[in-house]
């Protein structure tokens, strides 16, 4: 210690004054870093790791955004504004998809006449470009006119064949607002905005409710869901408290973005089973979010559940609300069966819960997360031998 | 002369045999010398067996041609020592011709069939762009085979018709053997054997390890950053695809996210001149293998349509081959990666390198930012948490001093 001091003194003497200040400052900083690292490692032990897993477009990032909104500072204006190009890109891409889709249908289908567009326009070209123009009132009007074209509407009715994003309806209804010169995206717009996640993103949060009872700290990881992204998941599998598996139950009649020969529900099933079998997850809790219930309840009345191979044996019983419940219960049962079939007997004591969610609905997500939090805390107490 | 035409052992026969032995020796030396001189490790699998098969096949081809001559030679030697075999020899020789007469038509049909199949296959694959212009070679091969057969038939017919012109017989068998000897060597040097050649060539010595495909292909200004790379200020408000043309920026972004590697290699591809099909195809194939094929090591997140468009292309040298996929990736970078990159350690480091750290104010601002590191690489050894220690200590201002 002393030698260190003298050494420092020697250095002090040999250097000029400005340097001394910098040195002292650096030393103070190093001490500060060490103190912080110590604190962090202490805190680290209490942080619970949560993983959001699921196939592409199952709603993982929407849940992630909701958590940010609910338990963190939310989005500041800069962040809201950063979504503007995304939202505009969503609009242009969607209209291009619909435009190209109607063209394709009008060429290949027997009842082609209903897909023929009333007039040609340049909107499709914009969608293919990289540098989208700002969505002006005129462009928005043009897009709206095209959107209202019966051919486009007919095409949209078959949207499940075309990789049309879920946000289409929402953004098309709000075109006028989106094209305002002073437009700043709202929280809701941001939640609807479709961005394919690539890589891994994380946030840390503590779901402190009104009663401030929960002191649990969570670190939530969001990942990309497409096949190529899954190779990155494996890095995250160690020491996970709970996996939140998102399954978009409305996508039983859609195909994968990355492989249009593959049904999304079948992919989800296989993925779910693969995750269940991971050796790392022996003691990990599983929270299954049967997501996109809002779309599911609309679709189920139009498209029979049995179009998906997994649900082939489904028999509709009635109509309306009852039918929705019946179909949902059927899907839920299928996932339950799959869970127990793919969980080895020595793992049956891990927690498995199924939640019905609509990731866009803040209330639902908040409620669900409270339940998840409660379950995990109880689990911890149980493991500590207190329960 | 007339007697040797029947008996064999004309001077031309000896010359022809000498030539074929010479050509075969050249062939063998060609194969072996690089291995002996440079002690190149023997490659396993097809890399080793294909040259061996080619050499053995050439040997048998020459041997079968020499066969007729050697029969004549040996028998002439025998005649000297053993008059009694003379009749037998003649009979043997004749029987060869009889055998010929009987089987020539089926054999010629077989050869013609071979050429017909070759023509068929070549037309079927004519739209594929091969690495070494194999198509041109295939047509050349067809031409040569066809010409050889025509010559053979002509020689045969002439021999049959003018049975008594002995010089014709001698000349035709001389020609046959010499042409075969030349062809054997020639075939080994044409481009369909190119992969073999490159493997066993004398130039093999200068084996170099290339870090990237673009370096291996000698694309200018690729690979490691030169120190002299100009340092320029990066304005996050500029369009991303413009920013990415800056090499320093690209390298920094590449460390942050794996999708950028794809951009980088496609950018390298675009530097190859359009008329240099061979290199373009090499690079395109490399990119497809590394980024596009399902399950590839660095597969990128693109739509089914874009992927199919690339995989089903008939022209790998097309300049806009990766355009749609690239647009998707740029869009992905813009909407998903860029926003996080600007607030990442990688960008901080980049700025620092560019001497942009102007004042404390910037650092103050950064402490509040939410850091979200991406898995930058996908190879197994990569630990996504290895940067965590830096990032976890939320005092990011202190981290920057470490950089």
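Here the Cβ of each residue, glycine as well, is placed from N, Cα and C on the backbone.
Among the features that TrEMBL reports, GTP binding site is placed at A:57-62, A:166, A:191-197, A:222-226, A:291-294, A:359. Within 10 Å of the Cβ of residue A:196 (GTP binding site) there are 22 other Cβ atoms, across all protein chains.
Residues or ranges marked as Mg(2+) binding site in TrEMBL: A:61, A:197. Taking Cβ-Cβ distances under 8 Å and a sequence gap of 6 or more within the same chain, the neighbours of residue A:61 (Mg(2+) binding site) are A:52, A:195, A:197, A:222.
Around residue A:60 (GTP binding site), the same-chain residues at least 6 positions away in sequence with a Cβ under 8 Å from its Cβ are A:52, A:53, A:54, A:197, A:222, A:223, A:225, A:244, A:246.
Filtering of the binding-site residues A:60, A:197, A:226, A:293 by Cβ separation from chain B (threshold: under 8 Å) yields A:197, A:226, ordered along the sequence.
Secondary structure at residue A:223 (GTP binding site), taken from DSSP and collapsed to helix, strand or coil, is strand. Shown in sequence order, A:165, A:166, A:194, A:225, A:248, A:251, A:257, A:264 are the residues of the chain, 6+ apart in sequence, with a C-beta less than 8 angstroms from the C-beta of residue A:57 (GTP binding site). Note on residue A:293 (GTP binding site): other Cβ atoms within 10 Å of its Cβ, all shown chains, come to 21. Look at residue A:166 (GTP binding site): DSSP puts it in coil.
The Cβ of residue A:193 (GTP binding site) has A:83, A:86, A:87, A:90, A:167, A:185 as same-chain neighbours under 8 Å, each 6 or more residues away in sequence.
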